[in-house]
Structures are given as structure tokens and as C-alpha cells.
Amino acid sequence: MTSSVEAPQNSNNLTPELSLRPDSEPKDQEDEETLAARMARIRMIGMAPIKPEYLYRYPAKGEASVDANQIINGGIASEEVKEDKEDKEVKDDVKEDEEGEEEPAGDAEGKAVDAANPTAPVARPKQRGMNKARKNARPKRDSAKLCPSLVFDDRKCRFGAQCRYMHDREAFWRTKPADLGSSCPVFEQRGRCPYTLSCRFAGAHTADDGTFEQKSDEAVAAKWAPSRNVAPMVLQKALRQRSYDFTPSKKALESVGSIVEDGVGDLEAPIGPPMERRVMRSADWADKLYLAPLTTVGNLPFRRVCVGMGAEITCGEMAIATSLLMGSASEWSLIKRHPCERFFGAQIAGGYPDTMTKCAQALTENVDIDFLDINLGCPIDLVNQKGGGCALANRPPKLIEVLRGIDAVTSRDEKRIPITIKMRTGLKEGQNTAHSLIAKIMRYSPPDLITMHGRSKEQRYSKVADWDYVKQCAELASPLPFFACGDVMSYDDYYKRKEESSVTGIMIGRGALLKPWIFTEIQERRHWDISATERFDILKQYVNYGLDHWGSDDQGVNTTRRFLLELLSFQYRYIPVGLLEVLPQRMNDKPPGYFGRSELETLLSSDRASDWIKISEMLLGPVPDNLDFVPKHRANAY
């Protein structure tokens, strides 16, 4: 792919403090101070300091051209810019977090208008969170689909002549769409492909002599290890039929008793392992790079990518306790663990001691996890309305009962599973309550690790994290291990926050979504000016892991594409190091319109869903005709 602009001569010699363009070297100290002041002012107003030579020059009304510095120093809205924005093929004006509302209708000036009563003023809701009203069209099932009984050896067709799938291998092979590539990612990783003829890369491992015999590589197959924590059908059936033996949980709940607000109750004295045992485990956590549990995008393929980049602690996506107890296959799939995840935990959300305790017992007895995390920070209304997430953190007596119940069922043998909690600063901005909660749980039922997101439930990601308050809470929780997260986008941020806040370690969430190589940067203490080709190779690796996890048949390819698009809805926000005047990039700095050093870099920086789909086609072939992608999470709030 040809480069659209020549890279600056000093793109690899940037410093964290300030980097000057070759054509604008300061002639004296005054010029240097002027440039530094300009960069500081740009950042003060929330603009990312892009080098002028990479900025789009939009003509304003009545002007033939506009200098790039004018765009940096205030921004110029032209009709061309407006038309360009309105010409998007897919409406992807989305913002980040986990809750949100649709934009109301607006008038010519952009003000909110009630369609039923145009004269009545309507408050414009904050555009952030989740696209709840999105109408993503699921690709239609391929009518020419081979019966699973002919694909998998352990399947039998129960429908006989009434089966809606094909049983003729030759007819299927003739009507099968063209392969997506000459090599099968699943075959290369496993040594054989379990999807046989239904694989979208079947030609790579199918004999061409008409016998449809499947090839295998025994050397690769001998080294391959499957994902762990796959819930067997017998477990799911027992949970659905409510025949699972929860006797240990019932005994634990009976012993916990009730606790009232002031701490005077049936169990005022702490129970469970003493503080000394918990503190002794702090060595398991200290200074480890912790990838945050991320809903939707923190799936197993993404965690594999991050582990390859240096992540040391990983945690599965949030799983709802009640859904796990109902035997939901999709919910149990969130607990799957890849062999490369050496320190792995499961995160559960719920609001009541009975369901949380039973869920902890089921996980302890059936899956391999190194710790169990309790979600106290989820802001989603659906979770909070049922007492989970932030709502549980707002009910300390109930939380203590949950902690004690879980501790009882996870401490029944020599291998005790550590309990961790992930929380926020509070419910409302300016009304921090985490310190009060920490004091109570430290007294009655301390966990093994506390992790804090330095924002409140209402703030979501609209404000910067409050690291001063994080430090206060970390000191209060001492000597327990205390991790924190919020706005860490570089190794500078990582070491600065760690030293100033007295935390045991840093959890990285959005920083890893935007740039999974942040773990490598932290370990090597450098800003990596990663090339567009290297970034594309990481996406290709993610796709290969996705096909291995979700499958290489039509359904697996469509699922991999969907999660790839979700990931791209975050990664476009990364600004290449060589394009910045000042390092590091800040999470909430919004860039003006810019182009990259190559066509591929420009494409990877696009905020258009149509361009994300184009990238997916480069990796997974043409999209289905009825695909209309809208991201689940609003990822462009600044």
C-alpha cells in the first residue's frame, strides 16, 4: 500500500516532554516557550496536539484555503466538513461506556426538538454509553449449510428426512462459496480443522481427489492445547433443572446471618481467613500488569493478544450470577480460559448473598480460576436495578454478607480461591463514598484485593479519573493489595500514577483497547511508534484467534467479524506517536481531522463504521449483504 505522505524525519526521536517539527526549530528561547505555551493551550481545551503537516486543511467560507494552525487553534467548521460528516454510510456518532440514549430530533441549529410538540424545549440527553436502540441486522443463515452430523464426529442427526440442512457432501461442495483464503487459521493453530467441509478455508485441508478426506498435521496437533473451563452439558442441565447440590452454600448462608448498618449484628466479629493470610498473598499481585475485565470487547481472543503483548493478569467478561445458575451456555462461555492465561479470574455480578454464594460454589467446583472478582462498578441500569454493580456497593451490609458467603464456599480446601472486588469512587460526581465502604469491608470481611476505577457511576468516562482520591483509598486499605485504573494510556501514565498514588499495581482497560501494545511499552519503558502494518498484523492475529475460538464456518466468521468491528470502534482513537507534537497521548484529548503517514494508517484512524467494515473485509472477505453495523459501546466520547 503506497504512502500518502512522507513521514517526518524526527518521527522516531520524540520525547515525552516536547517534540519540534524540523521546519519549525525555535530560533531562540522565546520561540521555544511560545511553542510550548501553544501546545499547553491546545491540551487545556481538550485538543490532541497533532503536527500541522498531518492536519486536513478545510477551506472556510469565502476562503480558498485555511492554514493548519487555524484548525489547531480553534477549529473551523466549513460546509465541506459538514457535508463530509453527513455523507457517512453508517451512523456511527457513538460515545463510550455502558449506557446511553438515542439522540432526539434536532432543528437546523442543532437544538433538541420534540417531534410531537416542536415548540416545546427538550433537554438533549448526554450522548454516551451504550447504543441500546441499535438495529444490527444479523446475517441470514446460509441455506446451503452442511448438517452438523457430517461435520463433527460426535454429532448425530435426529431429524432424518426432515432435516433442513444438506446431507450431500458433493452437492454442498459445488454450491459452497469461495474460500476466504488459501490457508486455514484454525488448521495452522490446531494441526487439524474440526469444521471440515463447512470451514470457509476448507480447501487448505481437504483432499482435492473427490474423497473429501481431511488433512492433519500431527506435530502441530500434539502441541495444541484446548481452552479450559468449558462447562459440560451435564452441569448446564443440572443447573437448569435445579438438581445441582448447593448444600455447602446453604450451610454458609445459614452461618453468615444478618448484618445491620452500624455493624451490630449476628456476626459483628470478622470471620474467615485472618488479615495476615490475605496480606501474605500480596506478592501474587504486586507490579503485575492487569488487563481489566471488559464487557463485549474483553473476550478470549482479545485477552490472548494482550497476553502476547505482556499482560500478566487477565479476567473474563462480567458474567451475571443468576444467568450462570440457570445454566446459560452463553454466560458460561464467558468463563472460558486459554492456556496462555497464567493468572486468570472470573468476574460475577449480582445483588444477593444466596445467588452470589451459589454461583461462587458452582465456579469453584467446576472451573479453573485463580481468583473470583465481584463487580461493584457496573453502571448498567439493568444490572443495578437487580441490586448488582454499583447498587451493591451502595448497600454495605448486603455486600458484607455476599463477601462472607463467597469466602465460606471458596475456602473449603487447601487451595483457597482469592476474592477480589472492583468498585468506583461512588454513585454521583463530587460525592465520593468508596472510603466509607472500604472501611466497613476492611473491618468485617476484607477481600484479597481491591480495585478502584477513579470515577463515579454517573461520571462514566466523561471526566478524568480522580487519582488523589484513589491515593486516599489506597492508604486506607493498606496493607491489602490495592489496584486502580483510569486514563492510563502510556508507560509515563503508568509509572507516574503508580508512584504518586501508593497503589500495588495498575489495571488497564481502555488503554489496552486503544493500543494492546501498551503492556510492551510499560515493560520496555518506551513510546512505541508502531507502524500501520504492525497494527494491521495485530488485527490479523486477533482474527485468527477469533476463528479458533468462535469457529471458521459461516457462523464463526460472522461472529469474529462482529467482535472485530466492536474492537475497531475503540482502536481508531489511537493517535500514532509520530503524528503528535507532545507525548504521551491523553485519553480525553480529541484530535482534529488528520491523515496518517500511509493510506493504511489513515484508514485505521477513521471514525467511520463503513471504514471499519472495509478493514474487516481485508481480513475476512466480503461482508453479508444485510450487515448494518452499529457499535454496542459509544467509544468516541472525549
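Just so it is clear, glycine is given a Cβ too, placed from its N, Cα and C backbone atoms.
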Residues flagged as zinc finger in TrEMBL, choosing from 141-170, 261-290, 441-470: 141-170
Zinc finger according to TrEMBL, located in which of 27-52, 183-208, 209-234: 183-208
Distant-in-sequence neighbours of the zinc finger (141-170), which means Cβ under 8 A and at least six residues beyond its ends: 176, 194-198, 210, 212, 553-555
Within the predicted model, mean pLDDT of the zinc finger (183-208): 94
Per-state residue totals over the domain 'C3H1-type' (141-170) - DSSP helix, strand, coil: 9 helix, 2 strand, 19 coil
The domain 'C3H1-type' (183-208): DSSP-derived helix, strand, coil residue counts: 12 helix, 1 strand, 13 coil
